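**Q** Pasting the feature list from TrEMBL:
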type	residues	note
SIGNAL	1-24	signal peptide
DOMAIN	113-153	domain 'EGF-like'
DOMAIN	154-192	domain 'EGF-like'
DOMAIN	193-232	domain 'EGF-like'
DISULFID	C197-C207	disulfide bond
DOMAIN	233-272	domain 'EGF-like'
Amino acid sequence: MQGACVSILCVCICVSVLLHSAISQPPTESDTYTECTDGYHWDLQTEHCKDINECDTIPDACKGGMKCFNHYGGYLCLPRSASVIPAPEPAITPTESNPCPLGYEAQDDSCVDINECERDEHDCQPSQQCINTLGAFTCQCPDGYRKVGTECIDIDECRYRYCQHRCVNVPGSFSCQCEPGFQLSGNNRSCIDVNECEMGAPCSQRCYNTYGTFLCRCDQGYELEADGLTCKDINECGFSSFLCQFQCVNEPGKFSCVCPEGYQLQGTRLCQDINECETGEHQCTEAQTCVNIHGRYQCVEENRCQEPYVQVSENRCVCPVSKPACRDQPFSIVHRYMSITSERSVPSDVFQIQATSVSPGAYNTFHIRSGDENGDFYIRQINNISAMLVLARAVSGPREYTLDLEMVSVNPLISYQGNYQTSSALRLSIYVGPYTF
């Protein structure tokens, strides 16, 4: 019986020594405030590593009838008859030289707090601030740092998403940055859109601000180049040859139509012939008649009758039957004038001939008497009293034709020596202009 008690007492003494050793050496904290050594966990309230009671957290921690005893950083399995006596905390007793508790000093008949910070009797790091407390002191880290053990660790504020766009952590602080097209607002955290158009965006013409960026646009008549900034003129004349009737002239941002000499612009694209004979812009004499043609005018003599013809009216000449030279000539010649454009599509009706008087029973035929040596025209008879002059081949100007279009009348009812035949001619002057419109 005595031997058993001695054995248990030895175990108790050993455990007591062990526990005293554990109490005298508290666990050190790791450099990272969320990490502790095995057997400890991080306590958010005290901001220290706290011992884990394995006897509560591990089911059946001890086997074989052994009893679980928790201690710093681990646990012990001892017989159920064993007991653990923790080592007592050393008592702080006033000494003869300082009758006051630790952190105080005697002054007259009372104990006053010692300001360890002013006396430089502290162990704070150079980067820490010493703050005096009653009977002790604390070491406080600068803003942006957190105390872990005896060290100050930088707080990574970027982990908490303080910035709207980008966060840059720096020792003891942080800074917010914005994406291109934005700038920091007054709170230095939010980002607001930048109006690049008001800040001198490099658009050559129009600028439109959008969220985070901007767009360049061009005025009418211009198009945006590949750089998205510069506007270049659109050559509208190169798109189509039908923009203008005569000639298209490209201008910055637009185009205009011009007409040749002798024409004036009608509207924006059409060219209209100027009638110089009506406007008085001609140089014909009083003995001449002004004839308007495409793009210009022609001065013709008022009396164009040549021997053996005599003038009977402004444009009509008659060959008297009393003159022997008139025997093989048309009885009358009427002068007419007209103009056509170059490269006119063919076949094309040019001029209609109409008989002014017809004898009863007369049969009329029409033909080109002279002036068409190259066969550029032909006659298409419509009926007994009319025919059409047709352009057979495309012709280019400037050029002038003088065609004698003859109508021959044969009347079998009037017979002296065979069938009675007479003729009249239309002397048609055709001016071909130099242009195709």
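Cβ atoms are placed via backbone N, Cα and C, with glycine included.
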**Q** Does C207 (disulfide bond) have same-chain partners at least 6 apart in sequence with Cβ under 8 Å from its own Cβ, and which are they?
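**A** Listed in sequence order, they are E196, C197, A201, F214, L215, C216, R217.
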**Q** What average pLDDT does the predicted model assign to the domain 'EGF-like' (154-192)?
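**A** Mean model confidence (pLDDT) across the domain 'EGF-like' (154-192) is 92.
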**Q** Using a Cβ cut-off under 8 Å, which residues of the same chain at least 6 positions beyond either end of the domain 'EGF-like' (233-272) come close to it?
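**A** Cβ under 8 Å, 6 or more out: 219-223, 294-296, 434-435, 437.
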**Q** For the domain 'EGF-like' (154-192), how many residues does DSSP put in helix, in strand and in coil?
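**A** Going by DSSP assignments, the domain 'EGF-like' (154-192) contains 4 helix, 16 strand, 19 coil.
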**Q** How many other Cβ atoms sit within 10 Å of the Cβ of C197 (disulfide bond)?
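**A** Its Cβ has 16 other Cβ atoms within 10 Å.
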